[in-house]
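**Student:** Okay, handing you the structure first.
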């Protein structure tokens, strides 16, 4: 027999420190915590092996393939500063291991099996470099940032949204009324909550009809284009598509999907439909914290964000830096750039492990949402810039005078911040002053400032380097 069976060292085959990475390789950076007594090279090689061609023993069918052509390679390992027994293992995967245009297959290969591996205490996928050759097999976002601005005819400022609350329990008619008031008051978008699908108290078709009525009424009164993110997420792909088709028939501009709970296969299907039929696609990241919140195990959100840009979506929730949900500033801005820009340089201080070239794949607009209100407006405008959606749910509907005045307050605050920025003022330093000045001209804003002046969500961010 030409080989010996038995448990073998992975590092003999899969640890290749001299390997020169190819332009077509998919590169991964894993944070590896080996079990006591397992050397980091062996742990890194094990990850490379188990996520590509390897298995735990030599098999005779190895002789029927070219391992050198198909194997993943751990080509570099470095210790994590300030952490004991934690390493960053860099793995290169040949492009042929992946099906074209399938985020599902990419994840099944790279993170499908290795995370339960005994030789590791914990494993986290920190970043992926997607080569242009692979990027080009994806359609990506249905429209992208510039086309969205052209469709909506809104330029030079962030867009404003609002999630309709209470998220569950309203009837379709009352839900539509809340949508109308917010849009009429000056918001660009309102949003179905991620868990609004089609429940007994409000079936999807009724909701879509009343929301469409609200959109057209608000558009007629304001002369602005309005939208409501109609959540098409459903229990089956067929049902999801039925909802998207109905939205298109109503002529509304945008639908929505929960891409992690719905799954990448469903998401990519919907994104293709949206491009073919002129619908924008808003993406909510429900369930992301289950995957990305642990520092030493799971997948960092920047990887989930890259995957979404490939699968397709025009907006995605990306943290706020200032509200009630997770997000450290530099790291958040790192993956915000990965969503919006065409070319992003490697920058470890922002958690970006690889230079990423998207070769003209359309960009995704980041959405800041969760515990934000008018006092946050200067910070949000400065941090996220124009190409963003700022979403105030409670920060609109919690206004003491009602939804429409709440919307007015947010729009006035936003316009004041954009004007101040364009005049060259420093939003970080003068933000509170800018809001105070604007509230002299807007009783709605003054009332909002009064309600939320003391509210803070003071916890340290977990997403640190």
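Any Cβ shown, glycine's included, is placed from N, Cα and C.
Here Swiss-Prot flags 165, 284 as active site, proton acceptor, drawing on sequence analysis. Among the features that Swiss-Prot reports, substrate binding site is placed at 113, 163, 167, 285, 317, 369. Residues or ranges marked as Mg(2+) binding site in Swiss-Prot (evidence: sequence analysis): 191, 193, 194. Per Swiss-Prot, N6,N6,N6-trimethyllysine is recorded for 4. What Swiss-Prot records for 191 is N6-carboxylysine.
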**Student:** Could you tell me the C-alpha distance between residue 369 (substrate binding site) and residue 194 (Mg(2+) binding site) in angstrom, no decimals?
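**Tutor:** With the alpha carbons as reference points, the distance is 12 Å.
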**Student:** If you draw a 10 Å sphere around the Cβ of residue 191 (Mg(2+) binding site), how many other Cβ atoms fall inside it, taking every protein chain shown into account?
**Tutor:** 29
**Student:** Return one of helix, strand or coil for residue 285 (substrate binding site), based on DSSP.
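**Tutor:** In three-state terms, residue 285 (substrate binding site) counts as coil.
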**Student:** Measuring Cα to Cα, how far is residue 317 (substrate binding site) from residue 284 (active site, proton acceptor) in Å?
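**Tutor:** Computed Cα spacing between residue 317 (substrate binding site) and residue 284 (active site, proton acceptor) is 6 Å.
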**Student:** Whole-number Å distance between the CA of residue 284 (active site, proton acceptor) and the CA of residue 194 (Mg(2+) binding site)?
**Tutor:** 7
**Student:** Among the binding-site residues listed here, 113, 163, 369, whose Cβ has the fewest other Cβ atoms inside 10 Å?
**Tutor:** 113
**Student:** What whole-number value in Å do you get for the largest C-alpha pair distance within 113, 163, 167, 285, 317, 369, the residues recorded as binding substrate?
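**Tutor:** Of all Cα pairs among the recorded substrate binders, the widest measures 37 Å.
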**Student:** Around the Mg(2+) site formed by 191, 193, 194, list the extra residues of the same chain whose Cβ is within 8 Å of the site's Cβ centroid.
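**Tutor:** The answer, listed by sequence position, is 163, 164, 167, 192, 195, 196, 229, 231, 256, 284.
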**Student:** Within 10 Å of residue 194 (Mg(2+) binding site), Cα to Cα, which of the recorded positions 113, 163, 165, 167, 285 are there?
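**Tutor:** 163, 167, 285, listed in sequence order.
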**Student:** Around residue 194 (Mg(2+) binding site), how many other CB atoms lie within 10 A of its CB?
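**Tutor:** Result for residue 194 (Mg(2+) binding site): 21 neighbouring Cβ atoms inside 10 Å.
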**Student:** So for residue 165 (active site, proton acceptor), how many other CB atoms are inside 10 Å of its CB?
**Tutor:** 16
**Student:** Listed recorded positions are 165, 191, 193; which of them have CA atoms within 10 A of the CA of residue 285 (substrate binding site)?
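**Tutor:** The recorded positions passing the 10 Å Cα test: none.
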